[in-house]
Amino acid sequence: MRNSDDVAGDGRVQQGATRAVLRKSATNSSLMAGILVIALVLTGILAVDGFGSGTNLRTMLVFGAFLGIVCIGQTLCALLGELDLSIPFVVGAANIVMLWLLGQGLSSWFSVLIVVALALVMGTITGLVSYFQPGRSLILSLGMGFAVLGGAQIVVGIGADQAGTVYGRVPGWLTDAGSANGSFLGTGIGLTVWLWAALSVVVILVLRRTWPGRGLYAMGGNRTAADRALVPQLGIWLGTFALSAAMASVVGILLLGFSGGAFADVGRPYLFTTVAAVVVGGTSLLGGRGGYGATVLGVAVMTLLGTVLVGLGLSAAAQQAVLGLLIVPMVALYGRQPHPRTQI
């Protein structure tokens, strides 16, 4: 009869095999995304006036940072084989609640803590419900998102003439953080971009070097292997959805500084762009393959593509069509790669 040490050892062997498969497929996906980045940069330089100007580059960095931060949660969910569609609604809710709290006389940093804490609670609830309903996180998170945004609009709309839009004064530090012309510590680059850079390093290191990161891959690649390796699956699952909501709330707060005002639908563009960035970067929506480094490339592709399309004068409808034409073949291409659980 086998003891627990033997079982755990088998689990670690299977985890190692899973990571080997991940590295091979991730290299191919990242190469494809890298080629797209180069092609879009060349297209922008040749076809769009002012593409390489300092102002445009700073603007792209800020837009990329917004998308990159909010994609942290979507990437982690995708590695589990799930999707979090509450993200745009949490962004919108955080945006209006933050300004509403400021209007109530609370300090800016205390308001930030409240908004992020509420998002963590909401994400934990979403994770808890979806954990016991495997494969239904897409619908559950979407429903939770509607509920959260609706609830936020009700709260901030009490005594107001128009629900959904909140008026107030945005703190100077937040305006500087979210502005393309902002500068953090005299660097000439705003806090949002530096925050994204720091978070990117932390997330990549956690996924590659820590047991929670390895456990996340194990759960997405092979739940049996994760179980044998004694991975705390409930904790990782809850942490993933909680972090996703927290990152969405951070972006909602930062967008307040960018726009100078609050609006409930400010997160709407992130409903599918987060999924698109994850897919284009090469992270499998089936789970267990990819990583945040790949998503950073996907974010670069999406940001460059949006800038080029706007520079070429394409309408919003045409931009959506091009985005769809990009996503479909990428999903088809990556879908041909076998899932890690079939190779270990």
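Cβ coordinates are placed from backbone N, Cα and C, and glycine is handled just like the others.
Taken verbatim from TrEMBL:
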| type | residues | note |
| --- | --- | --- |
| TRANSMEM | 29-48 | transmembrane segment |
| TRANSMEM | 60-80 | transmembrane segment |
| TRANSMEM | 85-103 | transmembrane segment |
| TRANSMEM | 109-131 | transmembrane segment |
| TRANSMEM | 138-160 | transmembrane segment |
| TRANSMEM | 180-207 | transmembrane segment |
| TRANSMEM | 234-258 | transmembrane segment |
| TRANSMEM | 270-287 | transmembrane segment |
| TRANSMEM | 294-312 | transmembrane segment |
| TRANSMEM | 318-335 | transmembrane segment |
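The transmembrane segment (234-258) makes no contact with the transmembrane segment (29-48), as judged by fewer than three Cβ pairs under 8 Å among residues 6 or more apart in sequence. Counted as Cβ pairs under 8 Å, contacts with the transmembrane segment (60-80) are highest for 180-207 among 29-48, 109-131, 138-160, 180-207, 294-312. Scored on C-beta pairs under 8 angstroms, the neighbour of the transmembrane segment (294-312) with the top count among 29-48, 85-103, 138-160 is 29-48.
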